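Peer 1: Below, the features straight out of TrEMBL:
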DOMAIN    1-70  domain 'PPIase FKBP-type'
DOMAIN    94-182  domain 'PPIase FKBP-type'
DOMAIN    206-293  domain 'PPIase FKBP-type'
DOMAIN    317-405  domain 'PPIase FKBP-type'
DOMAIN    416-451  domain 'EF-hand'
DOMAIN    461-496  domain 'EF-hand'
REGION    473-500  region 'Disordered'
Amino acid sequence: SSYDRGSTFNVFVGKGQLIAGMDKALVGMCVNERRFVRIPPKLAYGSEGVSGVIPPNAVLHFDVLLVDLWNSEDEVQVQTYFKPEKCPRTVQVSDFVRYHYNGTFLDGTLFDSSHNRMRTYDTYVGIGWLIPGMDQGLLGMCVGEKRIITIPPFLAYGEEGDGKEIPGQASLVFDVVLLDLHNPKDGIVIENQHVPESCERRSQAGDFLRYHYNGTLLDGTLFDSSYSRNRTYDTYIGRGYVIAGMDEGLLGVCTGEKRRIIIPPHLGYGEEGRGKIPGSAVLIFDIHVVDFHNPSDSVSVTVKYKPSNCTVLSKKGDYLKYHYNASLLDGTLLDSTHSLGKTYNIVLGSGQVVVGMDMGLQDMCVGERRTVVIPPHLGYGEDGVEGEVPGSAVLVFDIELLELVSGLPEGYMFVWNGEVSPNLFEEIDQNHDGEVLLEEFSEYIQAQVDSGKGKLAPGFDFEKIVKNMFTNQDRDGNGKVTAEEFKLKDQEAKEEHDEL
């Protein structure tokens, strides 16, 4: 009994290696077929028998189960039972593949499965890293394709088997699904899905990009998404801050562009992988560029409308009233004074708005409309404004200047419109006690402004200006100004505080 020996009986049929009756009985059998065979002595061991085992003229009975079957002229058999509609590339010699498989014998017995190990089998094809039959059987496969590959033993593990699960002379059947495919010579592949009609500028090395992405493997498995985190991925490009394939794939994009970037593992996460990304995996990133800028960028001003009478231009210190719509580069509206029903009012150059807006409002006349684009380092920076402006965002302001009140010369908070009285201190010191208190000083300045003899810097709080002026005159800080302390600005050396 072969069962007692624990191994099958392996033999060529019809070549005289068997008794005549068995040579005949095995012809026409299928794998897994069972036959009860009765062989008369003349087709077995005849009148002599086998000494000590089979008596003379014995009729022999065999219970035969055919386990395996092959011919020396057999080749690898490939049966594709699923093929994707899209197949841009097939396996060629020297490609690196990742696939899952179930390995069985011809009788259906499972001897190995990558599914049980929960990891793909990863290897080069056609260079001898696999048994010859598998090297051949994987050629021409698409990612996502499913095949049954049947391999005769002389293209598998031959007469000796593998010394473990696979016996000698065993035909092997592999049920294979291909998950990944690349070649070490591959570069990235870029597929443009949407390029905006208007593209004034394309990204270059050193730019800072904000973009959304979905990251998938070649078989469609999602491994990461910025959309799920509800925030863009923000990075410099061309400087090694991201994987090499993405550094290259993000060059030359427009704001608003959507593109697919296919990255081989040697330009991605290599043989080790990372997190949900297996080793040697090809990566697909579907990206949407939200905005980008360069740290060397300044404010960009585009005049949309300028009145014919445009002689008075805004300058530092002027008090401006204007309307604006604020948005991101992708058109997302952030804020609008129109919705509030009132203008935004500032003193230009006084730090009441971001630096970029102070720059963008310069040299503007009443009635003018312009678009001001502000990079983040001149806007709200890396942090943005929580819940309102994203970090590192480029801002777009559509502005209309409605009113301009000319400011005072730099360093002045109050100026005289005419000649200054030679007896100025005496005029302020209404009770003539030789000391001026804040209340007296405030009443006097208010009277000069009301009568048009003097002018305060527009846009600032009256009380704060007057108190600042008074403090600058009160040099000993006792809350009183004497005639000795009192000086006009042009009587002093230039200092960094504001005087009369």
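Placement of Cβ uses the backbone N, Cα and C atoms for every residue, glycine included.
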Peer 1: For the domain 'PPIase FKBP-type' (94-182), which partner among 1-70, 206-293, 416-451 gives the most CB pairs under 8 Å?
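Peer 2: Selected stretch: 206-293, with the most Cβ pairs under 8 Å.
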Peer 1: Who are the chain neighbours of the domain 'EF-hand' (416-451) in space, where the CB to CB distance is under 8 Å and they lie at least 6 residues beyond its ends?
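Peer 2: Sequence-remote neighbours of the domain 'EF-hand' (416-451) are 462-463, 466-467, 469-470, 473, 479-483, 486, 488.
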Peer 1: Verify whether three or more Cβ pairs under 8 angstroms connect the domain 'PPIase FKBP-type' (317-405) with the domain 'PPIase FKBP-type' (206-293), leaving out any pair fewer than 6 apart in sequence.
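Peer 2: In contact, yes.
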Peer 1: For the domain 'EF-hand' (416-451), what's the model's average pLDDT?
Peer 2: 81
Peer 1: Treating G and I as helix alongside H, and B as strand alongside E, what does DSSP give for the domain 'PPIase FKBP-type' (1-70) in helix, strand and coil?
Peer 2: 13 helix, 14 strand, 43 coil
